[in-house]
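**Student:** Quick one: this structure, given as structure tokens, is what I'll be asking you about.
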Amino acid sequence: MNIAIVGCGFVFDIYMRTFKAHPELAIVGVFDLKSDRMDRVCAYYGLERYASLDALLNDGRVDIVVNLTNIGAHFDVSRKALMAGKHVYSEKPVTRNLQETQELFAIAAINGVRMYGAPCNIYSDSVRTLFKAVGDGAIGKPLLVYAELDDNPIHLMEFEKVRSPTGAPWPLEEEILEGCTFEHVGYHLVWICGLLGPAIAVTAYSNELIETKAAGVPGRSGTPDYSVACLTFANGTSARITCSVVAPRDHRMRVIGTDGEVSTDSYRQYRSPVHLERYSKGSLSARKLQVLRNSRSLGRLFGIGGRRMRLVRNWKSNAVEKDQSVRSSLRTRVKEWVRRKEVYAQDKFVGIAEMAREIRAGGPQYLSPDFIAHLNELTLLIQGAGPEGLATRPTTTFAPLGPLPGTQDYGTGYLERLHPTLLERIASR
Ligand SMILES: NC(=O)c1ccc[n+]([C@@H]2O[C@H](COP(=O)([O-])OP(=O)(O)OC[C@H]3O[C@@H](n4cnc5c(N)ncnc54)[C@H](O)[C@@H]3O)[C@@H](O)[C@H]2O)c1
């Protein structure tokens, strides 16, 4: 399937990191308002450029327009592409207000095309493994999700020096002005709502705590650098999501049920190890001892934190398993290896791959328009909650998504092998 990309900035290079893993997708051309950015990515990746957005939209070869422009341009670019009869995959948030998002889905329906939105980390092996543990009943009835999204104190990170492989600066000012909740909370909402269904109530708080986030960037931006939201779901479960660029990096995801919990270290690492703990009186009592709480390896002997699960695979797991960089010098390969193993291993193209697969099959849209609009509304509510707080009911909802497509499951035999450890049994007495 042929795609064309609008917006050749910082995130363009993150997408391109795994492009080689998707040979069924061909990039027929790119467009950016900045000519130099087009030149750089075309020379680096061997791509064609368009003279204008209209030229791109008039190209009959283009099936999907991938919108990687700045948030303020999302609506306009997506609307034009949908009206030109192209399917659209947009970076998040789809737009800055719910009416515009709903308008895009309406235009898509009228034109017989599809509109999809990032993020796509719901398709990661780690999320699939969390879903499997819950679906198999390994933690009993799910009750509660805790999700952290702290991304380091922004004022200490010198983000102004960060460049992508083709030299795009990390858009520091834009990130500060839009705020970390707008930019990031979708990564947790996508898997939490995918797992628990639609939220029926939101209690949220957001605030701006850091006065000067970077040299040369205006002081207070008026957007939050910290937010916390408690969501109540239609099925009676609850979630608490924290988002900041104030606290040190912490991306943990935990699903807590009546009989145990399943957790992983980061949404950004698509094959991040997943641990399953079946609570026992021993493992819960052992937590009272600070030596066991503070030493991970000692704690594990008493069952704290549980066992590592075999990761579920998907049809695109290979994208983050090996070097997919387009230009692979030895230096690049070493850097990519470290990045995949230790920093993050994400495949931003997998959302487009899933979209193309659904278009080819002609089946329903798994991440449905209602689902994407719901995520958009929750993002806007949490961001806008303010220091006085907000308690409200979202106006949008969606039908449950059902099992994730592309999952390569390995059955439930692992449940029978989940015996408590010897020390856990002793501590239970
Ligand atoms: N920076 C990141 O790490 C990151 C990660 C994930 C997602 N995103 C998302 O990706 C999107 C882009 O972010 P970025 O970091 O690449 O920003 P960026 O500023 O580096 O790049 C955006 C590019 O879009 C171009 N552009 C803007 N309006 C346009 C228009 N109307 N037509 C054509 N080109 C246009 C700009 O000239 C610029 O080159 C945002 O929605 C952001 O939330 C960014």
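Note that Cβ sites are derived from N, Cα and C of the backbone, with glycine treated the same way.
According to TrEMBL, the protein carries these features:
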DOMAIN    1-114  domain 'Gfo/Idh/MocA-like oxidoreductase N-terminal'
DOMAIN    128-262  domain 'GFO/IDH/MocA-like oxidoreductase'
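Give me the structural setting of these features: burial, nearby parts and distances.
**Tutor:** If you average pLDDT over the domain 'GFO/IDH/MocA-like oxidoreductase' (128-262) in this model, you get 95.
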**Student:** How many of the residues that make up the domain 'GFO/IDH/MocA-like oxidoreductase' (128-262) does DSSP mark as helix, as strand and as coil?
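**Tutor:** Output for the domain 'GFO/IDH/MocA-like oxidoreductase' (128-262) reads 38 helix, 45 strand, 52 coil.
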**Student:** How does the domain 'Gfo/Idh/MocA-like oxidoreductase N-terminal' (1-114) divide up by DSSP, counting helix, then strand, then coil residues?
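**Tutor:** Helix, strand and coil residues of the domain 'Gfo/Idh/MocA-like oxidoreductase N-terminal' (1-114) number 52 helix, 20 strand, 42 coil.
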